[in-house]
Amino acid sequence: MTLIHMNILMAFSMSLVGLLMYRSHLMSALLCLEGMMLSLFVLAALTILNSHFTLANMMPIILLVFAACEAAIGLALLVMVSNTYGTDYVQNLNLLQC
């Protein structure tokens with residue numbers, strides 16, 4: 001495993017730890033998810049470039065499209081929750097609260 005792969009995997013794991021630690025605010029969770037998706041994109045692009053697997057050239061682009069859709073839906077949800085409740089706490093998204 002090369003140093004670049006280790007750095008990308010470390011970035012992914014740090015984003016995952018950030019998602020697990022700072023999950024009370026929706027904005028922090030969305031930023032950590034975006035970091036995870038970007039590190040997966042770079043890892044997929046590097047893997048395809050190193051292996052010369054031409055059939056999978058579109059996989060990083062498809063991953064980037066899904067990341068953009070996830071970010072757009074997350075920001076729309078953030079705007080809706082902050083307009084409704086005034087805060088961006090994730091606990092406001094739970095509809096089963098008493």
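Using the three backbone atoms N, Cα and C, a Cβ is placed for every residue, glycine included.
Database features (Swiss-Prot):
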type     : residues : note
TRANSMEM : 1-21     : transmembrane segment
TRANSMEM : 29-49    : transmembrane segment
TRANSMEM : 61-81    : transmembrane segment
Is the transmembrane segment (61-81) packed against any residues at least 6 beyond its ends, judged by a Cβ distance under 8 Å, and which are they? 26-27, 30, 33-34, 37-38, 40-41, 44, 87-88, 92-93
Six or more residues beyond either end and a Cβ under 8 Å away: which residues meet both conditions relative to the transmembrane segment (1-21)? 28-29, 31-33, 35-36, 39-40, 42-43, 46
